[in-house]
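Have a look at the structure below before the remarks.
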Amino acid sequence: MASWNSIPLEITYEVLGWFAFVSWSISFYPQVILNFRRKSVVGLNFDFVLLNLTKHSTYLIYNASLYFSSAVQKQYFEKYGFDQMIPVAANDVAFSIHAVLLTAITLFQIVIYDRGTQIVSKISLTIVTVVWIFAAICFFIGLSSHSWLWLISIFNSIQVFMTAIKYIPQAIMNFLRKSTHGFSIGNILLDFLGGLANYAQMAVQSVDQNSWVNFYGNIGKTLLSLISIFFDLLFMLQHYVLYPGKTPVVSQKADEESREALIAPPDRSQSEGV
């Protein structure tokens, strides 16, 4: 396994990695706190949370396996060269564990708090079910052939796929409601900083090793940063430019209907007992 050529770059790598960990980890709390204060999850898309839980669970399997398993590491070196470094750092594993726990807490809040008329879509339930059935099939294939690197690469590919689609329901929901009310922008700002730091960390390692294997050897981590940054920019555009301070269109309509019901004259047939 390769070692660092530059101590300053190694220190920079560690600082960026733990900065990404802190930013990404803290990013879960604004939404959890917002839900707790409101005792409501209206405005938070349930599909986003469910898909996010699957994404982080598969990413945890990938990170923990590549970081702790000597068998997986051996197959990685055989494929990419023994002069390379493992592309998963301790902060990646720590973040994945924390992300699974906090996403599970958010899902629990959906169960116990006011949900309004929101539900989890059948499409998301189907996607999650198919993904885990596919993962189980791949597990038994990898188990019989001892293709550990191939197996965790499948989980890494799944997390990339889930990252690519998990933001879409929330973005569409914001568009339809013409509002980001109920969806924490603090989550997005911290997620954006984490994505930038994560990508910069990979760049620092590549510069030190004079090799870009780090990027395509862990394509999941690369795409995770790029996709997250793209959707974070979209959410910031929705929150600060397109729908700044706007209340949901659906809520406005409901309020108008309620006011109309209060001021409307009573039905004479009902008052006369007909």
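Using N, Cα and C of the backbone, Cβ positions are placed for all residues, glycine too.
As written in TrEMBL, here are the features:
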type	residues	note
TRANSMEM	15-36	transmembrane segment
TRANSMEM	48-68	transmembrane segment
TRANSMEM	88-111	transmembrane segment
TRANSMEM	123-142	transmembrane segment
TRANSMEM	148-168	transmembrane segment
TRANSMEM	180-202	transmembrane segment
TRANSMEM	222-243	transmembrane segment
REGION	254-274	region 'Disordered'
### Task
Go through 15-36, 48-68, 123-142, 180-202 and flag the stretch with the largest number of C-beta pairs under 8 Å relative to the transmembrane segment (148-168).
48-68
### Message
Please report, as numbers and ranges, the same-chain residues at least 6 past the borders of the transmembrane segment (15-36) whose CB is under 8 Å from any CB of it.
### Response
44, 89-92, 94-95, 98-99, 102-103, 105-106, 109, 113, 182-191, 193-195, 197-198, 200-201, 204
### Task
Run the contact check on the transmembrane segment (48-68) against the transmembrane segment (180-202): 3 or more C-beta pairs under 8 Å, excluding pairs closer than 6 in sequence.
no
### Query
Which sequence positions outside the transmembrane segment (180-202), separated from its termini by at least 6 residues, show Cβ-Cβ distances below 8 Å to it?
13, 16-17, 19-21, 23-24, 26-28, 30-31, 34, 38, 40-45, 87, 89, 170, 174, 214-215, 218, 221-222, 224-226, 228-229, 232-233, 235-236, 238-240, 243, 246-248, 251
